[in-house]
Amino acid sequence: MATQGNNLSEYDKSRVPDAKEFRFGIVVAEWNEDITEGLFQGAFNALKENGVVNENIVRWNVPGSFELIYGCKKMQESYDMLDAIIAIGSVIQGETKHFDFVCEGVTQGIKDLNVQNDIPVIFCVLTDNNKQQSIDRSGGIHGNKGSEAGIAAIKMAQLRKDARF
Ligand SMILES: Nc1c(NC[C@H](O)[C@H](O)[C@H](O)CO)[nH]c(=O)[nH]c1=O
Ligand SMILES: CC(=O)[C@@H](O)COP(=O)(O)O
């Protein structure tokens, strides 16, 4: 399986651009907030480890993962000086098919934001079968997907900058 055998927090620092000039937005869903706070810390720490200063990180909260779509869209519109945005959520299977619709909806919505707008939005939404899988991927045995997302945000910010010249 993609994550098993790998650690989401490990990365080759020599392959990560210096991010001290970049500005990032982070939109965090409050559903399963024990998980999403862990993901936020992973992303925040990864940005800081690579030179980002606190003043260049703006955070908004939204109720659930489905609202990440609107929150990220408004952040793209409100903060056009941002270099990348990270969308953080934790969706855990319940008794019904609601999980399927939330996961598909947020996936398609964030994809659309990347297609329609110029600020890249990084998909840091866990879609897990149970709580343990979420714990394992937000600072547990498989590392922290938030860290992975922070590094992806830096790399996409650099790609966007390079693409302008
Ligand atoms: N069950 C989970 C949800 N459900 C709520 C939706 O995201 C949304 O807020 C609601 O349908 C109102 O529009 N959200 C999560 O982030 N994680 C879940 O496990
Ligand atoms: C992803 C969800 O919305 C889900 O956790 C809600 O739980 P349930 O399907 O039991 O209503």
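From the backbone N, Cα and C atoms, a Cβ is placed for every residue, glycine too.
The annotation active site, proton donor is assigned in TrEMBL to His98. Taking the Cβ of His98 (active site, proton donor) as centre and 10 Å as the limit, one finds 12 other Cβ atoms among all the protein chains shown.
Per TrEMBL, the feature 5-amino-6-(D-ribitylamino)uracil binding site maps to Trp31, Ser65, Phe66, Glu67, Ser90, Val91, Ile92, Phe123. Counted within 10 Å of its Cβ, the other Cβ atoms near Ser65 (5-amino-6-(D-ribitylamino)uracil binding site) come to 27, all protein chains included.
As annotated by TrEMBL, (2S)-2-hydroxy-3-oxobutyl phosphate binding site applies to Glu95, Thr96, Arg137. In this chain, no residue six or more apart from Glu95 ((2S)-2-hydroxy-3-oxobutyl phosphate binding site) has a CB-CB distance below 8 Å. According to DSSP, Glu95 ((2S)-2-hydroxy-3-oxobutyl phosphate binding site) sits in a coil region rather than a helix or strand.
When each of the binding-site residues Ser90, Thr96 is scored by how many other Cβ atoms sit within 10 Å of its Cβ, Thr96 comes out lowest. When the binding-site residues Val91, Ile92 are compared by the number of other CB atoms within 10 angstroms of each CB, Ile92 has the fewest.
Counting in whole angstrom, Phe66 (5-amino-6-(D-ribitylamino)uracil binding site) lies 11 from His98 (active site, proton donor) by their C-alpha atoms. Separation of the C-alpha atoms of Ile92 (5-amino-6-(D-ribitylamino)uracil binding site) and His98 (active site, proton donor): 10 Å, rounded to the nearest whole number. Taking every pair among Glu95, Thr96, Arg137, the residues recorded as binding (2S)-2-hydroxy-3-oxobutyl phosphate, the greatest CA to CA distance is 23 Å.
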